[in-house]
Amino acid sequence: MNVKQRTPAASLTHLIIYLLAFLLLWEWLRPIPVITSTGQIGIFVLFTFAASICVYLHLPVWAGIPLLFAGSMYSLHQLFYAESFFSAAGFMETLRRFTNEIGVNTAMIAGGNFAGLTDYFRSFLLLLLLALISYLLYYWILHTRRVFFFLFCTIVYITVLDTFTLVDASQAVVRIVVIGFFLLTLLHMLRVQDEDRRTSGRTVFSPAWMYTLLVMVTIAVAVAWAAPKPEPQWADPVPAFRSFAGLESSGGGGGTVQRIGYGENDEQLGGGFVQDDGPVLEAVVDEPGYWRGESKDIYTGSGWEAERDYVPAETVNEGGEEAVDFRLFNESASGGRGTAEITMAEETDFNLLFYQGSLVDVPEASAADDAADWGREDLQFYTDVIGGRTVVESPEGESVRLTDYRFEYDTPAYPEDVLRNAGAEDPESVTDRYLQLPDDLPERVVELAEEITAETDNRYDAAKEIEQYFSANGFEYETSDVPVPEEGEDYVDQFLFETQVGYCDNYSTSMAVMLRALDIPTRWVKGFTAGEEVDQTDDGRSVYEVRNSNAHSWVEVYFPEVGWVTFEPTQGFTNYAEFESETETPDVDTDSPDIEPEMPDVPEGDDVNDQLQEGTEEESEDGLFGSGSGSGGGMTPWQLFLISIPPVLLLIYLYRSQKRLQITWYLTAYQRGWLKPTFSQGYRRLEWMLQKEGLQRRNGETIREFGERVDRELHTSAMKDLSAAYEKEVYGGSREGVSWSTYQTQWEKIIRSLLA
Amino acid sequence: MRKNETEQETVIRPQLRALVDNVEKVVVGKRREVELSLIAILSGGHVLLEDVPGVGKTMMVRAIAKSLGAEFKRIQFTPDLLPSDVTGVSIYNQKTMEFEFRRGPVMANIVLADEINRTSPKTQAALLEALEEGSVTTDGETRPLDKPFFVMATQNPIEYGGTYPLPEAQLDRFLFKFRIGYPTKAEELDVLRRVEKQHPIESLAPVMALEELLRMQEEVKDVHVADNVKQYIISIVNATRQHHHVYLGGSPRASIALMKAGQAYAYMQERSYVIPDDIKYLASFVLQHRILLNSEAKLSEMESSRIIFDILEQVHIPAENDKAQ
């Protein structure tokens, strides 16, 4: 406590050390944009820098706190608004938003809804944390003169990120080591100087220190850099830990931790994802089927993009046959009309329709936003005649979130023999669009496609061969440990020839690309699998619940005279479409046995279908995920990180204050009479406590001198009396000891000033 | 010497305090030295003063003698002084036809042996027997000295020409060696004021009877010295033997002296037991003339008091309860 031997002088060395520590802290911030969706990390760095300066300058509390608060306001403003912070409007807006956010988020915290915290509030918390850390650093470095623990943590942090995420820390590690060398050495030098000052009264600072330091660090780094390094000797630990760490590497440059769900952007496929069981919708249907959201037609080598051509679904209100200008297949493949009633889950924010089969009409729908509810007659539907995406707009022309709707659709029943004999006379509009392939598609993909289909003589069989190629050739279904293609590597090529491990995006994209390579028009479809049957209505219809984890992608192949036919290349998934033929229904039977063992949680359901659907949950997907945080129930690592800060801080606090806690314990125990010491025991316990606080009887110091010194340090007078009594006890040679109770109050007095 | 300006005045026994106060009427600002002298008297030891002339050595010792109502003698040592000049001599009395012993100056309660290093070793030895044995031997007859018996010897540290430095064995016989030193300006002004008309020594009256002092000397022996304090004493003296700058360390007699002085000091403070603080305070006065520095230390002008100070800083002070051990 009061053994502060020195006030951190504003010396250059101190400043340099503190700056080095700041650089170390910066290393913590650098990887954040890569592993989270945080952008503009520069603002956080600037804020931290400002906070560090405040701390270093010893600003008094009344100046420092408001300054830091203003700084965080400014940072938040920079992060979330475009207007100038310094205009009155901008400032007011910030202030208003801030108070709002605090209110909302406090309520959420109180309600335990940590996942719901807004980005704004989280950013605020992060700023708060950074300010705290900059103080902590100051304390560690310039008061206790210890930084090794922080350095160690930094290295662990960086290496863990390097191992488990996309972060490439090879430069960072070098920087940290260099900074660390300097920090440790300079701190050691400071300690030596302190020691000098105490013993000889003067400070020896030799430039030789600095030169030696520079030379040594340079040599060490240079040698380490240039020395030959063997390849890693251990297997990549990632697969081993992934499953319970739940960490994900992200989809390449996109830089988000992927979570399963239906997202908009599929330009960068690949990487694993975390499961998300957040609900999407609940549907009452006759039969299970794919929930189609849209298809995409342009394969870029790393993902899918779509061209869109929206037309207003004008006729939809009239309920005509062709109410929707997008048909998947023609009459010949229709298995009859069905209806489905959908209730979207509250957490979702989709403005597009999910439908089964070929959408015919949407007779009922309602939508809502914060301000209003709309009925069917208020809503305007637009259909993308290319990808089949159907979106909804409010009367004001803003896209809205559907809350529930009912639609009619044609169920598919593809006549197999017609498909076999369909021929290859595709309309030009189809071939123009659906045979596209990137120019740099590796030739071996095409060769593989040709090889697989060498013995087929029609489009349907070729599609079937490719569809079943994967399960027949040892491809593995896997959601978490899926590599991301490297820069310039083709997504399909990687899956087919290198990893052979993946989930629906891998399978469906590969099938689509291979079919295109064979000049078979194909497109990539995304949506959800049928979901889990959770209930049955009185009239025998089924209630299905669809979750984010049911997100899925599959393939549609064009057949002249029939239309678009659904194929399901992904292992363990069922093609819900019916193929009417004399032959067996293909995939389910063959595939399911293979798959079952792989399905992670095998459900309670008792029929094959159920199991398959469960499997589906697991696998779902990912191409489809959005950028994480917004939608759902589970927590991202980012949230976990934030939430784990308080417990960690608590632990640190407990650790740091363990002495104090012990002292408090003895104080209480003696006061309450739980422990009944003799006077000597009490005195020695006191010595022990003082020692913990840095007040120790030195060699050559008598009890009396020690007592006087303690009194001086603690500004008490009681220790002198206690010491005199103890002295008598020790040297007096009298038989009866000193009574503890006589001195207990003085004993407590000292401990209180010790704790004060 | 230990600087103890910062230490508060020790609380001492009322009778002794009266004695010290009385001496202070004559000797200005030398309370610590007066106390040390009393400690020596109480423990039956003797003091060696090393100081330049004129700082009040004689006056102090005379004042102490007067305050005690004790017989005071002064011996000025010169090169031609003979042992019998110190101890006394038997003369043939022609009236009585007998040899009759004429008491020498050492046969008093309090003796000032001035410039002891100026006399021959033989004469020094005569004095030292008196110091150690409490008796003198002349003409084959041993005569006990009066009690109490206290010798304060002085040496002049600046004129070494024609002197006979005391041998180690003799230095060992003095309980304390210390300096008096010059007074401060204010003190010296005070001195001048006091002697302006009449020297205060003339009007000094006794404040304590010799019998009282003898009783106190007996009581001092009852002061308890705990084993761990004895250990501490031994550790210190031992450390002087180990110290790398010391050629000859403290003897067991040094340990005894330290303990006895500690008892007297504790007694003076009305404490019935010795504490390490007493020992620590006295150690340098007891030990500094009992150790011989090696040539290396002499070359670097190290002083023995400095070495003792170092030792005191290093030696662990036992603070465990005897009963707990």
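Placed from the backbone N, Cα and C atoms, the Cβ positions cover glycine too.
Where the annotation comes from TrEMBL, it is an automatic prediction and has not been curated.
Fair warning: this is a prediction, and the values are worked out from it, not measured in the lab.
The annotation transmembrane segment is assigned in TrEMBL to A:12-29, A:41-65, A:120-140, A:147-167, A:173-192, A:204-227, A:638-655. The feature domain 'Transglutaminase-like' is assigned by TrEMBL to A:496-571. Per TrEMBL, the feature region 'Disordered' maps to A:579-629. Among the features that TrEMBL reports, compositional bias 'Acidic residues' is placed at A:579-622.
The stretches the transmembrane segment (A:147-167) and the transmembrane segment (A:638-655) are not in mutual contact, being linked by fewer than three Cβ pairs under 8 Å (pairs 6 or more apart in sequence).
Within the chain carrying the transmembrane segment (A:41-65), a Cβ under 8 angstroms from the stretch's Cβ atoms is held by residues 15, 18, 22, 25-26, 29-30, 32-33, 71-72, 75, 78-79, 126-127, 130-131, 133-135, 137-138, all 6 or more beyond its ends. Nonlocal intrachain contacts for the transmembrane segment (A:120-140), taken as residues 6+ away from its ends with a CB within less than 8 angstroms of a stretch CB, comprise 18, 21-22, 24-25, 29, 38, 44, 47-48, 51-52, 54-56, 68, 71-72, 75-76, 79-80, 97-98, 101-102, 104-105, 146-147, 149-150, 638-639, 642, 645. DSSP assignment over the domain 'Transglutaminase-like' (A:496-571) gives 21 helix, 34 strand, 21 coil. Here the transmembrane segment (A:204-227) has Cβ contacts under 8 Å with residues 174, 177-178, 181-182, 185-186, 189, 193, 196 of the same chain, all six or more residues outside its ends.
Residues belonging to the domain 'Transglutaminase-like' (A:496-571) score a mean pLDDT of 85 in the model.
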